[in-house]
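Below is one structure, written out as C-alpha cells; comments come after it.
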Amino acid sequence: MINLPLILLILDGWGIAPSWGGNAITLAKTPNFDRLWRSCPSSTIRASDGAVGLPEDAPGNSEAGHLNIGAGRVVHQDFPMINREIESGKFYENSAMKQVLLHAQKNQSAVNLVGLLSKTGTHSHIDHLFALLNYFKKSNFNNVFIHLFSDGRDSDPMSGIEYISEVEEEIKKIGVGRVASVMGRYYGMDRDNRWGRTARAYNAMILGEAEKCEKAIDVFSQSYRRGITDEFIEPRVIVDKENQISTIKNDDSIIFFNFRADRIRQLVKALVGQNIKGFEDKKNLSDLFVATFATYEEMGSENIARIFEPDKVRSPLAKIISENNLRQYHIAETEKYPHVTYFINGGRTKPFPGEDWEMVPSPKVRTYDLSPKMSAKGITDRLILKINRRSYHVYVVNFANADMVGHTGNLESVIQAVSFVDLCLGRICDAVIKNSATLMICADHGNAEQMVNPATSDADTEHTTNPVPFMIMKNAEEKKLILNPSGKLADIAPTMLGLIGAEKPIEMDGVCLIKE
C-alpha cells in the first residue's frame, strides 16, 4: 500500500465562490488554505443537484454529500425518489401507508403527520405533506392531525408564515387535516442529545403542554413581532372551535414525513423508545403504529414501517478499506458525527472491522455563533495524536464550523469560524509533513461562501449550489499530480482507493480525479 497514512478532511459547508461582502470564506483569514490552494494540486468539484442525486438546482446537504463521498457513485436521494412515487401514483398503493390507515380505522383513532415545514427538500418538502393529505382524502379518512416544525435554517428565517398559509389553504381545498401543533425545528429536530429541547416538543405533541393559539398562522406573526424567527419558535398547540387541543394518543398512527434521518431520529426515539437516558420521565404511549419516510432508528418494533425504500450502498469506502486489512479512524463533533459514521458508510450503524469512531462533544450553546470555534480544536488535538502515533492507515475527519455557524446567519461569527478552521488546518498540515502522510481536502456542500442574500441583502442561512474545493497535499510528489478540472463528490472514494493502490469495487462508478 502506498500514500499512507491518508487523511480525508471534510470542511463542512465550505463552498467556492467569487469574493464579495457576503462571502465569509474569502473575508476570513485563511493563509493555510490559500497556500495549499496555490501550491497543491487543486480543483473544484460539484456537490449539489444531480451530481449528488438531488433534483435539478437543489442545494447540496451533509447527508447527500457524505453518502456520495463514501459510496463512490451518485446515490439517488430519497427526495426525488419520493417525488417520482407520488407523481406516478405508486404512493397511493403503498403497503406501509395501508398499514397506517388500517391501524387507525381498527382502533377508531387518529393519524398524526409529523415533520418539517419546508420547501427546500433538505429534510422534507411541503408537497409530500399535501400528498399525505390527499391519500387520506382518497381513503375517506378525516381524523388527521398535523404537527409541524418550522424551518428557518435551510430556508429563509421568516418563510414559515408563507408556508403555513399554503398548508391551511390546502387543508381547505382537500377537506382533510388540522394543524395541531407548531414549533421551531430547534425543539423538534435536535440531534445533539439535548433532551430538554426534545422534551418541549414531546410535551406539546403528547401532553398538550404548551401555550395555546387559535390559528397556526398567528404563531408565526406573534413570534416575528417578538423577534423570534422560524427555527426558534416556541412550541404552541392549536385549539379547535371548541377550544380543544389534539394530541397524539394511545392507539394512534404516526407518519414522520422527514426523509432525512439525522434530525428526526431523536424525536422518534423519544416517542417509541424505552429507557432513554435523559428522558426517563416521559409518558409512554401504547399500541402506536409508526411509519417513516426514511430509516430513522433500528427500534426492533414490528409497529414501525418504512414507507419508501432507499438507494442502498453495498460497498462503501470504509468496507473496501477494511477488506484491505487497513485500520481507519473517523472523527467529528456531535453535530456531524452521524455523517462521518452512518452516512459516509452508506447507512451502516456499526463500524467495519478495523474501523474506529470517535465523537467530540459539540459546545452546549443555544446557537453556534456564540461559540464559532465549536470543537475544532478538540478534533485537531485527537487527530494529530493519532497521526503521530501512526495508529491508523486512513483517517476521515469533519470540521462542522463553516456549516453550523453558517446556519446562524451571523456573518462576523462565520468569519471567525472559518479563520479558526484554517488555524487547525495549519496544525494538521504540520503533522502530515512530519509523518510523510497524504492529506486530501474537500467539502460536502457550500454554505459559508454566501452569508448574505444578494437579492434582498438579508442574512442567508441556507446551503448553496456552489462547487466545493478538492486538493491533495502529498509532500515532495504533490507537484507531479495533475487533477481533472471537474468532478463530483462521488469521485473522492475512487481517488482515495487509487492513491493507496486498492481496487475499486464494481459498484463505484465514480472516477479517479488524478490524471494518468
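Cβ atoms are placed via backbone N, Cα and C, with glycine included.
Quick look at what TrEMBL annotates:
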{"type": "ACT_SITE", "residues": "Ser62", "note": "active site, phosphoserine intermediate"}
{"type": "BINDING", "residues": "Asp12, Ser62, Asp444, His445", "note": "Mn(2+) 2 binding site"}
{"type": "BINDING", "residues": "His123, Arg153, Asp154, Arg185, Arg191, Arg260, Ala261, Asp262, Arg263, Lys336", "note": "substrate binding site"}
{"type": "BINDING", "residues": "Asp403, His407, His463", "note": "Mn(2+) 1 binding site"}
{"type": "DOMAIN", "residues": "6-503", "note": "domain 'Metalloenzyme'"}
{"type": "DOMAIN", "residues": "82-297", "note": "domain 'BPG-independent PGAM N-terminal'"}
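Scoring each of the binding-site residues (Asp12, Arg191, Arg263, His407) by how many neighbouring Cβ atoms lie within 10 Å, the top position goes to Asp12. The C-beta environment of Asp154 (substrate binding site), restricted to residues of the same chain at least 6 apart in sequence and closer than 8 Å, consists of Asn61, Ser118, Thr120, Thr122, His123, His407, Thr461, Glu462, His463. There are 29 other CB atoms within 10 A of the CB of Asp403 (Mn(2+) 1 binding site), with all protein chains counted. Other Cβ atoms within 10 Å of the Cβ of His445 (Mn(2+) 2 binding site) number 28 in total over all chains. Sitting within 8 Å of the Cβ centre of Asp12, Ser62, Asp444, His445, and not among those site residues for Mn(2+) 2, are the Cβ atoms of Ile10, Gly13, Ala47, Gly60, Asn61, Gly65, His66, Lys336, His339, Asp403, Ala443, Asn447, His463. Using a 10 Å Cα-Cα cut-off from Asp444 (Mn(2+) 2 binding site), the recorded positions that qualify among Ser62, Arg191, Ala261, Arg263 are Ser62.
Counting every protein chain shown, the Cβ of His123 (substrate binding site) has 27 other Cβ atoms within 10 Å. Cβ neighbour counts within 10 Å, taken over all protein chains shown, single out Asp444 as the most crowded of the recorded positions Ser62, Ala261, Asp444, His463. Considering only the recorded positions Asp12, Ser62, Asp403, the residue whose Cα is spatially closest to the Cα of Ala261 (substrate binding site) is Ser62. Asp12 (Mn(2+) 2 binding site) is 6 Å away from Asp403 (Mn(2+) 1 binding site) when you measure Cα to Cα. Those same-chain residues not listed among Asp403, His407, His463 yet with C-beta within 8 angstroms of the centroid of the Mn(2+) 1 site C-beta atoms are Asp12, Gly13, Ser62, Arg153, Asp154, Ala402, Met404, Gly406, His445, Asn447, Ala448, Thr461, Glu462. Look at Arg191 (substrate binding site): DSSP puts it in coil.
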